[in-house]
Amino acid sequence: METFYEVMRRQGISRRSFLKYCSLTATSLGLAPSFVPQIAHAMETKPRTPVLWLHGLECTCCSESFIRSAHPLAKDAVLSMISLDYDDTLMAAAGHQAEAILDEIMAKYKGNYILAVEGNPPLNEDGMFCIQRQALPREAQAVAADCKAVIAWGSCASWGCVQAAKPNPTQATPIHKVITDKPIIKVPGCPPIAEVMTGVITYMLTFDRIPELDRQGRPKMFYSQRIHDKCYRRPHFDAGQFVESFDDENARKGFCLYKVGCKGPTTYNACSTVMWNEGTSFPIKAGHGCTGCSEDGFWDKGSFYDRLTNIHQFGIEASADKVGGTAAGVVGAAIAAHAAASVIKRLSHDPDAAARAESRS
C-alpha cells in the first residue's frame, strides 16, 4: 500500500506544499514546530492505514461532520491519509459485494486496521434493531477481534446518546461495553467537531499510537478543557453580566448565557477554540447556550434551558454598599465562629473551668 507522501506526489503536489501541509497538521494538533520533521517522516515512510467504519443506531451526523473537515480536508483524509475501505454509508458497493470487501480487509490487514464505530449497538431482542449480515453487537465484536484500535465516533458510540434515553427500549449501549478487549478512543459530541475527528486520525497515523486519553477515554488534546474556560463570553460571566431571556437587551449585548441554560461550565470539548465551519462559529457565538452534547447522560439531565445551579457573585456591577454589607456579615460570622472555637478549646484544656461553667448553668 502506498504511503501518504507517495499518493500526494502522484497527485502532482510539490515537496514544498507537502512540508507546508505537515506544518499545518502540527498546528491543528496543537504540536510545537519541532514535531514537523516527525510528521513528514511518518507520512513519507508509513503506508496508509485501512479503516473499517461501522454504523449502529445513529443519525449519521458524525459522518456529516467528518466530510466537512477543513484541515485536513475530508478528501485528503479519505483518499490520501487513510484507506477507508469499508463504510456502508459512503461506499459505492452494497450487499454481498460490500461484505466481501470487509472480509478481505480483515484478513489481509489482520492486526493493522482501525475500527471506527458511529452509532451504538442495541442489545435488546438479540440486537435485532440494527442488523447488517448479523446483529451489530456480534458484527462489531467480530470486526474488532483483529483491529489495533477502536475509535468511538460521537456521543452515540461513546455514551449511548438519545437512543439510550430513558426508558431505552432497545437497550442502546456504548461501544466500550460491547468491545472490552481493545483500546477505545472516545470522540464524543453530537456530532464531534470535524477537525477533532480528522485530528485524532492524523495523530494516530503520524505517531503510530493512540493519543493520550483522559480518565473517560477521550483525547486530552481536544477534551482537556471546559468550553467555559476559553469562551469569549467568559468575562461577562466573571462580571456577573447574564442574559435573562433570549430576547432581552443583555442577549443583544452578547452577555453570558449561563442563566438560560448554557452547559459550557461542565462540558469538556474544543468548541470555543477550534469552533465549527472552518473556525467560523460555535453555538454560543451564534447566541445559543451549550447543550453539553459531548458529556455522558446529557440527554436525560433535564431541559437544555434550565441553569445548572444558582450562583451568588458580585461581579463588577455590584454596588459598594452591597459588597461592604456582605463583607461585614462574613467578617462578623467569622469572629463569632472564632470566639466559639476559642471557648471550646479553653474548656477542653481546663477541667476546673469546665466544671465552673457547668455549675453556673
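Keep in mind that glycine also has a Cβ here, set from the backbone N, Cα and C atoms.
Now, the feature entries from Swiss-Prot:
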type: BINDING; residues: Cys59, Cys62, Cys156, Cys190; note: [4Fe-4S] cluster 1 binding site
type: BINDING; residues: His228, Cys231, Cys256, Cys262; note: [4Fe-4S] cluster 2 binding site
type: BINDING; residues: Cys271, Cys290, Cys293; note: [3Fe-4S] cluster binding site
type: SIGNAL; residues: 1-42; note: signal peptide
Distance [Cα-Cα, Å, rounded] between Cys290 ([3Fe-4S] cluster binding site) and Cys262 ([4Fe-4S] cluster 2 binding site): 5
Nearest recorded site to Cys293 ([3Fe-4S] cluster binding site) by CA-CA distance, among binding-site residues Cys59, Cys156, Cys190, His228, Cys262: Cys190
Sparsest-packed among the binding-site residues, when each Cβ's other Cβ atoms within 10 Å are tallied, from Cys59, Cys62, Cys231, Cys271, Cys293: Cys59
Those residues of the chain, 6+ apart, with a Cβ under 8 Å from that of His228 ([4Fe-4S] cluster 2 binding site): Arg234, Phe237, Gly264, Pro265, Thr266, Thr267, Ser272
Among Cys231, Cys256, Cys262, which are recorded as binding-site residues, the nearest neighbour of Cys190 ([4Fe-4S] cluster 1 binding site) by Cα: Cys262
All-chain count of other Cβ atoms within 10 Å of Cys190 ([4Fe-4S] cluster 1 binding site): 22
Using Cα positions only, nearest of the binding-site residues to Cys59 ([4Fe-4S] cluster 1 binding site) (Cys256, Cys262, Cys271): Cys271
Nearest recorded site to Cys231 ([4Fe-4S] cluster 2 binding site) by CA-CA distance, among binding-site residues Cys62, Cys156, Cys271: Cys271
Binding-site residues listed as Cys256, Cys262, least Cβ neighbours within 10 Å: Cys256
Other same-chain residues whose Cβ falls within 8 Å of the Cβ centroid of Cys59, Cys62, Cys156, Cys190, the recorded [4Fe-4S] cluster 1 site, in sequence order: Glu58, Thr60, Cys61, Glu118, Gly119, Trp153, Gly154, Ser155, Cys161, Pro191
Nearest-integer angstrom distance between the alpha carbons (Cα) of Cys156 ([4Fe-4S] cluster 1 binding site) and Cys271 ([3Fe-4S] cluster binding site): 18
Cys271 ([3Fe-4S] cluster binding site) versus Cys262 ([4Fe-4S] cluster 2 binding site) - Cα distance in angstrom: 13
Near-site residues: [3Fe-4S] cluster, ref Cys271, Cys290, Cys293, CB cutoff 8 A to centroid: Gly189, Ile227, Lys263, Gly264, Thr267, Asn269, Phe282, Pro283, Ile284, Thr291, Gly292, Ser294
Where Cys231 ([4Fe-4S] cluster 2 binding site) falls in three-state DSSP terms: coil
Surrounding CB atoms that lie within 10 Å of the CB of Cys290 ([3Fe-4S] cluster binding site), all protein chains: 28
